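Just below is one structure, and these are the notes that go with it.
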Amino acid sequence: MVGIPGLQAFHCWIGIPVCLLFALALLGNSVIIITIKIEPSLHLPVYFFLCMLAVNDMALVSSTAPKMLGIFWLDAHKFDFSICLAQMYFIHTFCIIESALLVAMAFDRYVAICIPLRYTTIVTTPMITKMGLAGVIRATFMVLPCPLLIKRLPYYTKYVINHAYCEHMAVVKLASANTLINRAYGISVALSVMVLDLGLIATSYIKILQAVFRLSSQNARSKALGTCAAHVCTLLGFYTPALFSFLTHRIGKKVPSSIHIIFASLYLLVPPTVNPLVYGVKTKQIRDRVVSLF
């Protein structure tokens, strides 16, 4: 595992922001989970979704950052191929789960704003559990064929991955065989997740905006939109670098590999770090409770 090609001399310095992002992600998400757990007034569906997002964010950074720090600080470039496949599987699985949770949170905001009188009967604890399990099951089975398809490929001469972690296409490119099936499946999974999830989120927010602009009071409009502000910031923080990484990997041939790898790494490290800050600042109940805790 090379790390970031062309920037090997700066690996020691690059490891510092990676370590800071890792530590802040673990700390911030832990504070969110503990705050929601100990505060009875926060035992509501929207905060249960936030807890699930925090747990998934901690799992995502934990599957990525330690190996990156090993490469940057300890020159731990060599490791077993099966461990590489395991890391690849968990990273992509947690990313798809994250996308599913953002869809669930968009649905929660849609029900809360568009049909508030039925909110408590629609968004119940069993419904939250089912949505969470559906997201986990979808991600588990969608990503599972990726390492299985890679295991069947022969690797004769290339054993060096020009990346900071085991990304699917970076591993596939090393194979000494036709990888059309692997590439096609990888693209189909990425496109299906993005198109479906972004479509559902866009539909929810179109309905939300229609409902908000039908309100006569300016104060009511501001309050309704304010409840969505944190979720919108999370959406932008997650999907923007994801789309950039996906597009540059396939059509941005002139983009230097170092830039692509940096963005691909930020895509996994920045959203889990920023999400607790966004919800801590934008959500008054969480903000007040965290302030009182400290």
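Along the chain as shown, residues are numbered 1 onward.
Quick reminder: no glycine exception, Cβ is built from N, Cα and C everywhere.
Taken from TrEMBL as is:
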TRANSMEM  13-34  transmembrane segment
DOMAIN    28-279  domain 'G-protein coupled receptors family 1 profile'
TRANSMEM  46-65  transmembrane segment
TRANSMEM  85-107  transmembrane segment
TRANSMEM  184-203  transmembrane segment
TRANSMEM  224-247  transmembrane segment
TRANSMEM  259-279  transmembrane segment
Rank 46-65, 85-107, 184-203, 224-247, 259-279 by Cβ pairs under 8 Å to the transmembrane segment (13-34) and hand me the top one. 46-65
When each of 85-107, 184-203, 224-247, 259-279 is checked against the transmembrane segment (46-65) for Cβ pairs under 8 Å, which one has the most? 85-107
Residues sitting near the transmembrane segment (224-247): Cβ under 8 Å, six or more positions beyond its termini, same chain? 53, 95, 98-99, 102, 105-106, 109, 112-113, 190, 194, 198, 201, 205, 208, 211-212, 215, 260, 263-264, 266-267, 270-271, 274-275, 278-279, 281-283
So what's the average pLDDT for the domain 'G-protein coupled receptors family 1 profile' (28-279)? 86
